[in-house]
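Structure, as structure tokens:
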């Protein structure tokens with residue numbers, strides 16, 4: 001007996017329709033697993049349960065470059081050649097191979113030397129005897145402003161220092177070299193240094209370098225290097241303890257000019273390190289933004305509270321152009337050291353009204369509150385901004401008459417400041433120099449509150465008409481041979497026709513006398 005015709009059609013229909021449908025579903029799933037995000041477009045969604053970070057505001061920020069064509073061997077060779085070419089004591093800021101870098105390079109012989117990155121708090125000391133007698137080595141010190149080179153951090157970890165590279169990669173010396181850079185962890189014992197034993201262009205492999213607190217003091221990391229590589233510092237608080245770091249809140253804007261109808265104000269949330277502030281200054285230069293007033297410190301906790309920036313007051317004659325008076329910065333953007341900022345745009349009311357209120361709008365006063373979400377009563381900072389058309393934002397005119405005291409050359413001044421600034425447990429830092437200059441304990445405590453106590457002490461030494469020979473003798477008696485070596489190195493390389501030598505007529509004779517004694 002033959003089966004009915006309808007009984008045969010149902011299985012055939014399922015085979016003809018079901019197989020293509022199942023094949024299509026499997027193909028879509030494979031594409032979803034293996035294809036890159038850009039191929040799937042906006043429909044792609046991550047499988048991770050981690051909360052996505054909202055994008056930062058669109059004003060000018062250095063963006064991390066996306067996928068690019070691999071560099072060729074000649075391009076890589078040119079990249080490292082430029083990094084290791086001596087910069088004659090200057091600090092260079094340049095974008096190379098899609099990386100924004102700040103670097104300095106020099107040749108070092110058996111006498112040793114010191115490399116400094118200006119206004120960043122980063123230094124590298126090669127001690128005497130680290131290079132064999134009769135040899136010269138080129139060394140470089142590099143600040144990496146590329147966030148893609150930082151370690152991949154969890155929510156509990158925070159970036160509290162810059163990424164610093166010493167080159168050439170893998171170089172070793174007869175004596176350990178000392179790398180110094182700043183961190184912003186509130187508890188130095190919670191800060192842990194990391195090292196990536198890779199070159200600057202390779203994929204990074206970050207690993208802990210010792211135990212937490214092994215290389216950190218109050219606000220500084222100091223690492224004895226056996227060979228050159230990449231280094232940074234990460235905040236890792238023990239379980240059950242709150243992790244906190246210091247932020248600096250910096251306000252930038254353009255000068256308020258007559259007839260200007262709009263003014264944009266930008267507030268940066270930066271790690272409390274010199275190099276983070278320099279990043280903001282560099283980021284603002286193409287847009288004419290300038291730092292307005294001193295930075296304010298903020299106690300940022302590792303709790304998952306986003307940062308709120310709330311506008312509280314605008315002076316009469318101005319109005320807020322933005323839709324909201326409150327803006328949020330994602331917690332991880334600050335915790336992972338991405339240097340985010342938020343902006344407000346203000347407009348003169350006279351620009352859209354018939355009444356004349358120029359007398360009210362020739363200055364602007366703004367008050368803002370900033371705090372972590374949920375911690376408004378515990379950690380809140382009040383930011384106040386004021387600007388007027390009459391203010392002069394230009395640099396002060398140069399002094400026509402020569403100063404009445406000896407002035408250290410700027411390069412030498414900065415080198416000595418960087419060496420004397422770090423806090424020493426034995427007190428053999430700027431405080432010892434202050435004691436030699438006759439300052440009492442009360443004045444030393446007062447100077448410790450200054451932004452740069454070492455700079456204040458060196459300026460005091462200049463005002464006392466101290467000579468380089470006297471400063472060299474002081475450093476030698478303090479057993480600060482690194483500072484004495486810097487002074488001697490400067491005198492050995494300074495030509496007699498140098499303006500610094502002409503400015504102080506006795507330096508030439510002191511130079512000869514110092515050579516004889518050494």
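From the backbone N, Cα and C atoms, a Cβ is placed for every residue, glycine too.
Predicted, not measured: the structure shown is a model, and the values here were computed from it.
Per TrEMBL, the features are as follows:
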type     : residues : note
TRANSMEM : 12-31    : transmembrane segment
DOMAIN   : 102-237  : domain 'ZU5'
DOMAIN   : 415-494  : domain 'Death'
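Mapped onto DSSP helix, strand and coil, the domain 'ZU5' (102-237) counts 6 helix, 68 strand, 62 coil. Within the model, the domain 'Death' (415-494) shows a mean pLDDT value of 82, rounded to a whole number. As a summary of secondary structure, the domain 'Death' (415-494) carries 54 helix, 0 strand, 26 coil according to DSSP.
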